[in-house]
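Can you keep this structure in mind? I'll have questions shortly.
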Amino acid sequence: MSFLFRLFFHDRTANALVWWLKLPDNARFSSQSSSRMTLATATQPEEARDKAGLSHSGSRRSGPDTAFHLLVAASALLVLVVLGGLVVLMGVGGSQAFRTFGLGFAFHDVWNPVADQYGAWAPLFGTIVSTLIGVAIALPLAFGTAFWLTAMAPPRIAAIVGTAVQLLAAVPSIIFGMWGFFTIVPFMARTVQPFLTHHFRHVPGIRFIIHGAPFGTGLMTAGLVLAVMIAPFMTAVMRDVFAAMPAMLRESAYGLGATRWDVMWKVVVPWSRTGMIGAIVLGMGRALGETMAVTFVIGNVTAVGWSLFAPRSTVASLIALQFPESPAGSLRLSALLALGFILMLLSFASLALARMLRGDTK
Amino acid sequence: MSETVVSTTGWKPNPRAARRRRADHLATAFGMVMAGILVLVLASILWTLLSRGLAGLSAAAIMKPMGPPGSSSGLANAIVGSLIQTFMALLMATPLGLGCGIYLSEYGTETNKFASCVRFVSDVLMSVPSILVGLFVYQVLVAPFGHFSALAGSVALAILAVPIIVRTTEDMLRLVPTSMREAGAALGATRWRVTLSLCLRSAKTGVLTGILLALARVSGETAPLLFTSLGNQNWSFSLNRPMASLPVTIYQYAGASYEDWVQLAWAGALLVTMGVLAINIAVRVSARRG
């Protein structure tokens, strides 16, 4: 490994690399020595051993040690390169679209492959609204269930339900998509939408939200399926966070005469606020980039509108459906990659938000 | 004076306590209803999956390869394709993830900027939408070669598996007490020896758990395979050609309008879910024992 470095870089570059990877000092490269890289340890044994700590019980052993260090550092570097490549390639691939449509690409609401006009607003709107609906439904479900599991349920039942919920958090998303497609979509089309249309058709303020033919697909359906998908995950995290609170705090509050809800709202929630925020944002991140669960139930029409019950599309579903039909080098492909880039930024922002709210900068 | 004492100590209805009790009743009902809804919905999913999946599941569904609708076809090549691709993905992801995890825990001290950078990136990778990984691999391994391949699918799955393995490996290695490392060094072992033969060995169960969890996550992934291994109607064992996989087949068949394809999709969904759940249960049982 080190030999390879020596082949490709000058001494100074190689040394910079060594410094950057935080290799022990004795691994410096030096062209004064013979053509192969030599370790300086032999010439300055005492200081090097002291500096490098455990690893230098003998000068001859540091050869394989350095090789091992370089090996694991290289795999760390590879992980870094993969993500860097992901971001860069998405940006480069989408640059054609960004050049053609400018920054307005993100807010342009026409997606028309026939006229070669592309704007990201329709799928972005779908992604954001369906995610918000999903989180808004999943949050009370998860919070209520975690409350029940940690404060009310008999221990035996809590253990069973808790394990079941944790297991269900691992079910692949395509299963939720199928379930939504065969259960929720017909339910929405036959029961919910006719009911809403019949009763709220003329109510101002609600009318435009429920507008649309009863297809059963749309943002509301997608939000529901997303909620069911992320709720087990959020419940599992919240339950762990609640259970991690020292029992002393809980018992003291009960001892002072607090009711169950008092303990929950005034002791447990403030204590575990950061963990709860983490659970919510992680659930949101999952919903943002979800492809399979959404593609089945969103209807896949690139339109913008306030109706929650009309077919729409999300970034991920649009990519999944249109990418296979887009020829290489076309503007459409570039627009899809640009969409991917924006989705990447969204998911990155949600992770950064979680870290910021949690208050650690590591 | 004595009268006032009597009147204050006597019991009176306390409006604040009553309000608190009412709030408590409401919250209790809320918790129970929410838990009930969640359990019912999840049970409904499992029930749909079991009833429709078992109806479609038969020896033929597992033994026969895919075929045109109405030809009593099965899922055999998709099952084998899934196994091959996930196996290849783990083969690539395990050494890389282990190496990166070892680096982060053994060399990535607090002051090491590079290590904290890698740690952050690995966290980001863990939450990256899986379809974007598919797009990335398409641009790197499919577009330049001009054809879809099982290898590209495996690489996409490997990228999803690596951050999970990195995270668990680092966490588990950090749990190994420093005294163990010092004992190894005192006996004259070099650092790589200490890391591999002492730390990794004592953290074996935890590290294995991480690999299994990555396997469970990866085996149900559909989105990254759509543009990489594409799917294949026929038997194919070549890593250089498109290969069928169970999740992609489910995706293609579930939306079809042929009754027998939909049934096969349910059977496939049942197989995938059972596989993922079995891995998770195995992890749980082994964690309890270890």
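Placement of Cβ uses the backbone N, Cα and C atoms for every residue, glycine included.
What TrEMBL says about a protein is an automatic prediction, not a curated fact.
Pulled from TrEMBL, these are the listed features:
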type	residues	note
TRANSMEM	B:26-50	transmembrane segment
TRANSMEM	B:75-105	transmembrane segment
DOMAIN	B:79-283	domain 'ABC transmembrane type-1'
TRANSMEM	B:117-141	transmembrane segment
TRANSMEM	B:147-166	transmembrane segment
TRANSMEM	B:207-227	transmembrane segment
TRANSMEM	B:264-283	transmembrane segment
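Are these features on the surface or tucked inside, and what touches them?
If one looks beyond the transmembrane segment (B:75-105) by at least 6 residues along the same chain, the residues whose Cβ comes under 8 Å of a Cβ in the stretch are 61-66, 115, 118-119, 122, 150-151, 153-170, 173-174, 195, 199-200, 207, 210-211, 214-215, 218-219, 225, 229, 232, 234-237, 239, 243-249, 264, 267-268, 271.
Residues 100, 103-104, 108, 149, 151-153, 155-156, 159-160, 162-164, 166-167, 170, 221, 223-228 of the same chain, all 6+ positions outside the transmembrane segment (B:117-141), place their C-beta atoms under 8 angstroms from a C-beta of that stretch.
Same-chain residues lying 6 or more positions outside the transmembrane segment (B:207-227) and placing a CB less than 8 Å from one of its CB atoms are 82, 85-86, 89-90, 93-94, 97-98, 101, 129-131, 133-135, 137-138, 142, 148, 153, 156-157, 159-162, 164-165, 167-169, 172-173, 200, 245, 247-248, 250-251, 272-273, 275-276, 279-280, 282-283, 286-287.
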